[in-house]
Amino acid sequence: MITGLLKKVFGSRNERLIKQYRRTVAQINALEPKFEQLSDDELRGMTETFRQRHAGGESLEALLPEAFAVCREASKRVMKMRHFDVQLIGGMVLNDNKIAEMRTGEGKTLTATLAVYLNAITGQGVHVVTVNDYLAQRDAEWMGRLYNFLGLSVGVNLSQMPHDAKQAAYNSDITYGTNNEFGFDYLRDNMVYDPSQRVQRPLNYAIVDEVDSILIDEARTPLIISGQAENQTDLYQRMNGIPKLLERQIGEEKADGTGVEKPGDYYVDEKGHQVYLTEAGHEKAEEILSQQGLIGEGESLYAPQNITLMHHLYAALRAHSLFHRDQHYVVQNDEVVIVDEFTGRLMTGRRWSDGLHQAVEAKEGVTVQQENQTLATITFQNYFRMYNKLAGMTGTADTEAYEFQEIYGLEVVVIPTNRPAQRKDQQDQIYKTGKERYDAVVRDIRDCYERGQPVLVGTTSIETSEYLSGLLDREQLPHQVLNAKQHAREAEIVAQAGRPKMITIATNMAGRGTDIVLGGNVEKQSGFIEADPNLSDAEKAARIKQLEDEWHSLHEQVKAAGGLHIVGTERHESRRIDNQLRGRAGRQGDPGSSRFYLSLDDQLLRIFAGDRVRAIMERLKMPEGEPIEAGIVTRSIESAQRKVEGRNFDIRKQLLQYDDVANDQRKEIYKLRNDVLEAQDVGDMVTNLRESVLVELFRDHVPADTMEEQWNISGLETRLREDWGLEVPLAQTIEGAQSIEDEELLNLIMKAAAERYDGKVAMVGRESFAGFERSVMLQSIDTHWREHLAALDHLRQGIHLRGYAQKDPKQEYKRESFELFARLLDLIKNEVTRVTFNVQIQSPEELEQASEEIEEGLSHLENIQYKHDEFAEGREPVEEAPSPRTGAAMAAAELALAGMPKVGRNDPCPCGSGKKFKQCHGRLS
């Protein structure tokens, strides 16, 4: 109540921000007459003037009014479009590291040019991030005319581009590309063996288009570069038959023993997206596996040697119970291709991880491809948080404002519309069955068709869109279908969707990137005419003129019929996706309407609100085919959606908390790798590692602060001779001295090792040996980092079980992952020292060849794949990583700290605990 009163007096935070921005808008508008007087060359010359002023110390904020005015004037001349005042506000929001929420049709693409131009003045690069290659190329070509006019270079970063073209794109002032490609390039840059092979510059400023889709919807799916692992394709084929022999249990057993409607061998947790075997199911599965010879007679599925079989069995159960053809994936060209649940697009080249994709391939009878080993991985959260400045824009972000602030520190600012919105959002209609719902949808579509009103029907799956298409065919209603299967015709279908009597069925419209203009999109249709090779220039001009004349009458006709009507056939689990569908109507103050038709069979209602709504229907004694249309029901559904959104937020937050630990380690490894790549001579680094290893060996046999009688000198001499080829007369030295300090013995060992090493270097020359040292270090870092990623993955999959021992899984993960990381550094140190110290050299040429073979072996890994991982809460553990003993871990940490670049005592601890290093793992040293 008090909050509401304060808002009335002072206005909301959003209103106060908009008011501040309007003051700057007035300054920009006042500059317009001044820049209108400039010639094209003088206007272009302003970019260089701004650059010089910025180099002289003037901030971007001080340049903003003039830069925005120049950009607007250039847009008027080149694009024939003048930025509205609300677009100027949007540009300022983007420059201030915030998210601009702008309604569909308000011109987000043009708005971004203001902030892009201003930040490109620094020369440090601006990345404009889109959801697919088509939009990246389209926007770069479209807006590139404006940037080129202003003297700025524009590049496009597409997948499968040649290396030189990628480098050129990144060296441009402005680079357009997809979130996946930017992320994969970062990972690839940290796998190169030559600094000149890197493509990215330091990450400066990024504007993320459809920011909610990229930073929220895709945040549960890390980017992964992987290579082939051990071949187990036959096992997937054999496991595929088992789910068919098991019966599904209906209902989940509660604590009091009730809840099971029909007993079975496994039950499906739709909320958690998991499958679990019942006790009877375990016994039956063990019996089947025993008959197939996969486990021994009387053996348990939980025996250590059978853990892998358990993993494959659960993958097969999930493939059969939770993943459905034409909803979650399609089958094309002997491949299973994932369908993006948020946009309905095909995600070619991406694969589910954890053996799930192979299980689906076995289920569908296509070729089962080998499992992969992770070579490099990063989440979008941690990639985008590396930019100095980050901003975003979308039509729907306000519902996720808390998450943007919490995870990314990005505030959402809702930008006012240029003209008042006129769309009418009607109450949801809820039916008892799916058939009743589709009958009502068809009636609504027919009514619109007869009145000449265009309709856009939104569905949540390919299966639904094709079913509805069949119903409309039966009713002889002409229509277009836009789903993952018709991806190639997407732009053409959307361009026509606003014409009178047009019926368009589409799987989720999120990120489609094309406006639906009432009367049809003249620009798009003109583009298709321009691209037609069969028409002469005169015919093209005549057809375009005819199109423009027709458009005005069609536009008025559609407006009179009520504008675009949106029909939703099901509520998505995210309110934001529903809002994106609704947002297709009523652009730029046009009329429009929307309505959702639901049934009690819908997944969202069935899981979260079905019983409550069914009870209301029964209480009201609703006759067959009669819908409920009441605010209380709509509120129940929105409450269910909020529950799902909250749960998904918790999953993303949990993923981030785990990935933050790996991220700190990733930064350290990549920093070490880059130091090795860029060092003129890695000799000093190798010497430090060698000395650290020898100190450890020495202290194993000659502990500090001990008496001479406690020293194991003969054992030390043996280890030095056998492992390192060093003959050091330690016993003889002790006998010949009246008293001796242990440090003197250590110095003797160090001196002998240095002499032997210097002798090897002298044989081939410092330059040749330095190249070999560099190759060995890079090989060791890469190999052990890959193994470490696999260990972290296994650790995370089983860590939730620690909760049963009254331990905090997150803290346990942080502790054990740090111990694993200390062991990783120790392994790198020992391997580099052993290989470089014991290498047998005959000639410089031989050494050079060895270096080349090492680099070639690692830089040409077979069957590299780029994919999004699937992260689901509560995945079955595959194989818990063995927990390093605390004593060994302490020693490993000590060695690692001695041999690797040191963490400052007051720096944050790399384990991710949030404590200072000296108060956490620094105590080990």
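Cβ from N, Cα, C; glycine included.
The ATP binding site annotation in Swiss-Prot covers Q87, G105, E106, G107, K108, T109, D515 and rests on sequence analysis. Here Swiss-Prot flags C909, C911, C920, H921 as Zn(2+) binding site.
The maximum pairwise C-alpha distance among Q87, G105, E106, G107, K108, T109, D515, the residues recorded as binding ATP, is 17 Å. Each of the binding-site residues E106, D515 was scored by other CB atoms within 10 A of its CB, and the lowest score goes to D515. Same-chain neighbours of the ATP site beyond Q87, G105, E106, G107, K108, T109, D515, judged by a C-beta within 8 angstroms of the site's C-beta center, are, in sequence order, M102, T104, L110, T111. Secondary structure from DSSP puts G107 (ATP binding site) in coil. Q87 (ATP binding site) falls within a helical segment according to DSSP. Least crowded of the binding-site residues (Q87, T109), judged by neighbouring Cβ atoms within 10 Å of its own Cβ: T109.
G105 (ATP binding site) is surrounded by 21 other CB atoms, counting those within 10 A of its CB over all protein chains shown.
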